[in-house]
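First comes the structure, then the notes that go with it.
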Amino acid sequence: MITVGDFNQAEEIYNRLLENICSDDDRIHIYHQLGLLSAGQDQYTDAATFYEKSLEIKQKTLPEDHLSLATSYNNLGGVYQKKGEYLKAHEFYEKALQIKMKTVDANDLACATSYNNIGSVYYEMADYSKTIELYNKALQIFETHLPRNHPSVATSYSNLGGVYYKISDYPMARKFYETAHKIFENVLLPNHTDLATSYSNIGRVYHKLDQYPKALELYEKALTILKIREKALHWNLTDLATYYNNIGTVYSDSGDLAKALEFHQNALKIREKALDPNHPNLASSYNNIGELYQQMSDHSKALEFYEKACEIREKSLPANHPDLATSYNNIGEVYQSMHRDDKALQSYQKALNIRETALPSNHPSLATSYNNMGQIFYIKREYQKALRFYKIACQILETASPTNSRDIAASYNNIGEVYYSMNNYCKALEFYKTACEIREKTLQPNHPTLAESYNNIGVVYNDIGDYQNALEFFKKSHKIREKTLCQNDPNLADSYSTIGEISKDLGDYTLALEYYVKALEIRGNALSPNHLDLATSYSGIGHVYNNMADYPKALEFYRKALELREANLPADNKDLATSYNNIASHYHAMGNYEKAHNAVLKAFKIQQKNFPEGHQDFASTYNLFGKIYRSMKDYSRALHYFKECLMIFQQPELKTHPSRAITYSNIGDVIQLMGHYEMAFSFHRKALKIQDNTQYNSLESSMIYTNLGETCREMKDYSTAITYLQRALQIRENKLPKNHPDLAVTYHSLAKSYIATRQYDMAMKNAQQAVDIAKEKLPLNHPHLLEYRNTSEQLRDLMNAF
């Protein structure tokens, strides 16, 4: 009855026999058989009860070191292992081994079986070095007593392959799996299920090595064997469902989610027909389909399937079973994706509570839980808490996994993200680079995760003003994405956008515009019309037009970005502050200082809600305040805000940022306007000295030269003033469009210096160029245009008088 799978009838017969049998030997046998029956139906608590009744009789009737007792201890160990009670399982397996060590030779085959059993418990407890030690002991015994091509030798090799697979040592895993497979091929029939398992094991390794076609080929071979077995035996092999799952996972990882769903649904159909409604394997199928819907961003469907899996596990498993923790964890991930952070935290905490109780302190699943808790606190901007959880996760992985594990790389990357958000760029760079080094060793050169690492490093270099290094890493990231992503993939748009931004910061506006437009084209095709990434593109293009002095175009794109963000973000979202600052910058350039002030004030109020004092994002806001107050001739306020900006750039990790030099020059400019020329000159010289030690946009140095020229003119050092102004002019003429307002500023400054030296023809030429540009690019009432015209008129009067 057991052999053909009719467990209920077999159980009924055994129970009837129990009522009529008095012999201890018969009762031992029947309880043992009832234990087997219960275990075969995944009723592990009942199985343990029957095995213990069988053991109880044996302990009364047999010597304490009888081998039959070892069998009972082994059976109990197996049941408790299935229940996830690993310490109890280990205790019973050890008892079995101790009996064997007393009654047979230490190198007997029976001891090898015990070493395998104890090793499997250490495997579950994530003590992989101990597992390898015990599996090797078993292998040595099997190789000593059995032929080289014996199935037990193959199973030992396979067990070792499984451990190396678990610790991400895929070359070693493949070596052991392939050794096992050669033996299986020699001794088993071509359609034996162990051969299918062997194909599947090697397929898993190729899967992890991202060699998806090879993985699929091996999984398909395994599947073919099982289909033949299914047909021959005329009943559903639930193992068939496992292979459908494996193939589904490969399709999922290779991005073919539709095909993946098809295979996971096939697995589910088999299990729904063959298994009890509360069987744990049915929960696994619901879980797999939930994962797919999560990848497809169908969060409601994902939650539906995850909750089905969880419901089964709550009914069929002990309250502290690790699989139940997995369910809570998955539900937490969906809530996190839905931005329901409190619900996510609640589910993650449930998962963590179970894992802290049921698993060893260095188990990788515990690391996953700590990592998830860290993610939620990171999202909630509770960075110290996030860092604490991320670091605990990292410590576990460093203990449990090899140094070059991908999981450790991800952990370093997470810690880097927190440090980046805390403005600790040195620490962020350290962890990002460590993550990247591991990924370079463990991933294919074109792996998308490697692109992510290069991009992260590029972002930090960009923020500390090291634009050349930033561009180098952004290009590395972009090269991978161009090879691995389809032309309309939003991630490719992100890559174009970052290179556009760095090109803008380096003053290459033509190239910046080209990349920003490419990013916008992709996002326009791939995303919904109200997607916030479109606002990022509009904002970037607006920046370039603003820097190229195409102010109407700049305002058009800045407004598009602002409208999209206002419609789709909370009123205090930090991206809205960016938009208000952009609008403020535009109005300032157009001479509408009141509107500029209103916009930057909105940005500042939002930033105060989002960032701690001294955060780098305040720097651009303080700088804008300073420029607006300077233009409004409120020099004391302008000086206050430029000094606030400088305090941010005095932080150790920002000391080489190019904006630090510009801030010194801005302070010098205000001091010059207040009539303190010597002090102003020292600030400008300090700005130039800082630039000597940093990578900077040459247009920024042209601003410093212009400020120095103005200061020297006020100090009546006209020849030095003209020298500095000519340097500024040369840079701007090379870098800017011929009608750019910044050129007008330098022409006007030169005109005033030439007036002071009575070179009136040169003065008139420069003054007229300033007026012509301002008339074309600025409103008629712009203070700069009015000033340039006034200078021209004074110059004409001087020339007439002369």
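Cβ coordinates are placed from backbone N, Cα and C, and glycine is handled just like the others.
The repeat 'TPR' annotation in TrEMBL covers 112-145 (among others). If one looks beyond the repeat 'TPR' (112-145) by at least 6 residues along the same chain, the residues whose Cβ comes under 8 Å of a Cβ in the stretch are 70, 74, 77-78, 81, 84, 86, 89-90, 93-94, 96-97, 100, 152-153, 156-157, 159-160, 162-164, 166-167, 359-360, 362-365, 400.
Marked as repeat 'TPR' by TrEMBL: 154-187 (among others). Long-range contacts of the repeat 'TPR' (154-187) within the same chain: residues 112, 116, 119-120, 123, 128, 131-132, 135-136, 138-139, 142, 148, 194-195, 197-199, 201-202, 204-206, 208-209, 400-402, 404-407, 442, each at least 6 residues beyond the stretch ends and with a Cβ under 8 Å from a Cβ of the stretch.
Feature annotation from TrEMBL assigns repeat 'TPR' to 196-229 (among others). Panel annotation: around the repeat 'TPR' (196-229), residues 154, 158, 161-162, 165, 168, 170, 173-174, 177-178, 180-181, 184, 190, 237, 239-240, 242-244, 246-247, 249-251, 253-254, 443-444, 447 of the same chain, lying at least six beyond its termini, place a Cβ under 8 Å from a Cβ of the stretch.
Taken from TrEMBL, the feature repeat 'TPR' applies to 241-274 (among others). DSSP labels the residues of the repeat 'TPR' (241-274) in these numbers: 31 helix, 0 strand, 3 coil.
Only residues 6 or more beyond the boundaries of the repeat 'TPR' (409-442), in the same chain, are considered here, and those with a CB under 8 A from a CB of the stretch are 168, 367, 371, 374-375, 378, 381, 383, 386-387, 390-391, 393-394, 397, 403, 449-450, 452-454, 456-457, 459-461, 463-464, 614-616, 651-654. Residues or ranges marked as repeat 'TPR' in TrEMBL: 409-442 (among others).
Same-chain neighbours of the repeat 'TPR' (451-484): 409, 413, 416-417, 420, 425, 428-429, 432-433, 435-436, 439, 445, 491-492, 494-496, 498-499, 501-503, 505-506, 616, 653-654, 656-660, 694-697, counting only residues six or more beyond its ends whose CB sits under 8 Å from a CB of the stretch. Residues or ranges marked as repeat 'TPR' by TrEMBL: 451-484 (among others).
With helix defined as DSSP H, G or I and strand as E or B, the repeat 'TPR' (493-526) counts 31 helix, 0 strand, 3 coil. Summarising the annotation, TrEMBL assigns repeat 'TPR' to 493-526 (among others).
Marked as repeat 'TPR' by TrEMBL: 577-610 (among others). Sequence-distant contacts of the repeat 'TPR' (577-610) (same chain, six or more residues past either end, CB-CB distance under 8 Å): 381, 535, 539, 542-543, 546, 549, 551, 554-555, 558-559, 561-562, 565-566, 571, 617-618, 620-621, 624-625, 627-628, 631-632, 741, 778-779, 781-784.
Per TrEMBL, the feature repeat 'TPR' maps to 619-652 (among others). Confidence in the repeat 'TPR' (619-652), given as mean pLDDT, stands at 96.
The repeat 'TPR' annotation in TrEMBL covers 661-694 (among others).
Counting same-chain residues at least six beyond the ends of the repeat 'TPR' (702-735), those with a Cβ under 8 angstroms from any Cβ of the stretch are 507, 661-662, 665, 668-669, 672, 677-678, 680-681, 684-685, 687-688, 691, 742-743, 745-747, 749-750, 752-754, 756-757. If you look up TrEMBL, you'll see 702-735 (among others) marked as repeat 'TPR'.
The feature repeat 'TPR' is assigned by TrEMBL to 744-777 (among others).
DSSP places the residues of the repeat 'TPR' (112-145) in helix, strand and coil in these numbers: 31 helix, 0 strand, 3 coil. DSSP assignment over the repeat 'TPR' (619-652) gives 29 helix, 0 strand, 5 coil.
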